[in-house]
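Straight from Swiss-Prot, the features:
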TRANSMEM  13-33  transmembrane segment
TRANSMEM  62-82  transmembrane segment
TRANSMEM  99-119  transmembrane segment
TRANSMEM  142-162  transmembrane segment
TOPO_DOM  163-749  topological domain 'Cytoplasmic'
DOMAIN    391-610  domain 'FtsK'
BINDING   GLY411, SER412, GLY413, LYS414, SER415, VAL416  ATP binding site
Amino acid sequence: MLYYVNKFLSNSKVQAVILGIIGLATISMLVSYKLDDPSFNSATTGYTNNLLGIFGSYLSDFLYQFFGVAAFIIPLSCFIWGKNCWQQKYRKSFIRISVMLLALFSTAALLSNFDLEFVPSNGGGAAGIIIFHFLKQFTNQLHLLLVFFTFIIFVVLFEIKFTSLSSFIIKLGKFLAYKIQTFFYNLFSQLTLPKLFSGKANNKIKITPSYTKPVNEKIRFTEEPKPIMAKPAPVNPIKFFNKPTVPKISQNDATALPPISLLRNPENHHIKGASSSELKQKAEELLTVLNDFGVKGQIINIGQGPVVTLYEFEPAAGTKTSRVVGLSDDIARSLSALSTRIAVVPGKNVLGIELPNKQREFFCLKELIETPEYQDTSTLLPLVLGKDLAGKPLIADLAKMPHLLVAGTTGSGKSVGINAMIVSLLYRYTPEECRFIMIDPKMLELSAYDGIPHLLTPVVTEPAKAVVALKWAVKEMENRYRMMSNIGVKNIAGYNTKIQEAVKEGRIIEKSIQTGFDPETGRPIYETVAMNMEKLPFIAVIVDEMADLMLVAGKDIEMLIQRLAQMARAAGIHIIMATQRPSVDVITGVIKANFPSRISFKVTSKIDSRTILGEQGSEQLLGMGDMLFMGNTSKITRVHGPFVNESEIEQITEYLKETGTPEYISAVTEQSDEDDSSIDIGDGTSDEVLYKKAVQIVRDERKSSISYIQRSLRIGYNKAANLVEKMEKEGIVSPPNHTGKREILLPER
């Protein structure tokens, strides 16, 4: 019984009605008060004129005696509180009581100097007289009247337009702060100070943008990659310089980090969320829907985020999780919601039911780049993913992933998410520290970055060149491994640290290479050669549409991606691979096994969601940047991505093009004669090479079956059948006999 009473009284409409009744009753007994009615000061037994009878007569006399005419503040406050409850505008209880008491005692003290005939005491009652005479000994009467009048004006502003007034003051303060910050930034960024104490390397004054990184920071890799939700840390990012296989950028053309002013400011930062009563009401509706489908339980916690609200539902004993998860579409229909996602909350005995908010918060990339989480130096390659369900910034470290697989349909926000990741790297590293290989078969998404100095080659749009670029990345990885092996380190962090220490000490690191053999003893002859004393940069390989490449050169692309994904982490080469068709022929088992970190934007079906994440749920996302992020701990987190528009990308790329000139490496997309040319990329040259290799296999192995050639060349059945038919036409093999076997007409070697 008590539960239902509390539930009834917790309703905002009921609270508003109760406050209205109390206010109406109080003002009725105050208005109908008569001096000759029975009261504490009058012992008459006559008829009472008060509308509330003998109770109203005594209570109104007490209020007049103690507060005077200021007693009308009490019913007025009840009316205002009731109106706020009806409109679901809440303030904390102690704030309500404090404001009412301030208004009550200020009005009583202000009216204590006036004598009124219709009240038993003066205009302010006993409380007004005590307060006024107590404060009068510290100042004169006029000052007191002004102070009490000011308090009353403050209370009126607080109750009527406090929210609008405070919002205006906050916006004005932010606007002025932004203008002052921009003025000083532009002023100091244009100053050029001469070098002081020339000849001393450690005595320099250097003015750098606020996001430039100091050198000499030790790099560390950990084994448990996970999204970073770090505490604020000082901005002290790591900095690398040049590399042996990538051409240096001259000091005159050194590119500065783009200023934060190129990104637009957030617009709708203050979106009103649902009130506590609305959340409770929605929770009750959710429980009703679950009960209708035979699922019992209770909601133990409600967490409201910028896009969705998480209801933690604890099912009754014996309830299967799959039964509740299967009701997601029915719950969305019953609650008139766009979609509903249900998943187990890690570490808790509850199911998380995520319902979209009425008003969705959209946020910009700028506010996330300005967060301490992005500036944390322990995040080596920060990727701005967005905000989690609680609205906290989520910054992932690509160096710890170490590769990322992204999937999502058209309009899901996949391309915007890729742009946000690229921009987050551009705001952390210069071309001397991080280089890109961008592969865009669609020729649309990554074309905006063509010409920036971070690129090792122009944006690759041809599948044939994409294969060559990936082969170059494999060669670069192997070359880096040899360099790291020569100085006895295991990763790029140790290599850069040793190079940096040697440069500080003025040493030259040498390596031994074999130049031949001793003609007398036959032993190998070694010579000592000085190594290149330049640091190695990170290399990020961005593939925007994997499906197009898999259709043209599937087997070769898969082998190259597999090799890079398995070994390139220690060499500082990382892959971000995206596709809008997450089917099993694009995201194969080999690729999934080597990409433990994955992001799924909205997809069309549960099958696609299981393909990319291993479980359903991506089909229930809201689109426009709503995503599920799975780190290599297999924990799935819902994230809402930031928005970065094309004009911001254009401004950033134009700034980078003006401050630095790219120096491309032609070998990235040009296949050399030493490369293995047996890659099936769909052009005439590749078919001819395959045919020659097939003929060689038939001559050497004396086997001409289609399946044997298919296995030997690692090609499809149709391609192998075409090669055998061509050999039959050219007289290399005979037509099949009655058993299907062919005779090899070429002579043995």
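Even glycines carry a Cβ here, placed using N, Cα and C.
Where Swiss-Prot records a feature, it is marked here on the structure.
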| residue | record | Cβ contacts under 8 Å, 6 or more apart |
| --- | --- | --- |
| GLY411 | ATP binding site | LYS602, GLY623, MET624 |
| SER412 | ATP binding site | PHE601, LYS602, VAL603, LEU621, GLY623, MET624, ASP626 |
| GLY413 | ATP binding site | PHE601, LYS602, GLY623, MET624, GLY625, ASP626, MET627, GLY641 |
| LYS414 | ATP binding site | VAL406, ALA407, GLY408, ALA578, GLN580, PHE601 |
| SER415 | ATP binding site | GLU445, ASP544 |
| VAL416 | ATP binding site | GLY625, GLY641, PHE643, VAL644 |
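Highlighted in sequence order, GLY408, THR410, GLY417, PHE601, GLY623, MET624, GLY625 have their Cβ within 8 Å of the centre of the Cβ atoms of GLY411, SER412, GLY413, LYS414, SER415, VAL416, the residues recorded for ATP, and are not part of that set.
Confidence for the topological domain 'Cytoplasmic' (163-749), expressed as mean pLDDT, is 80.
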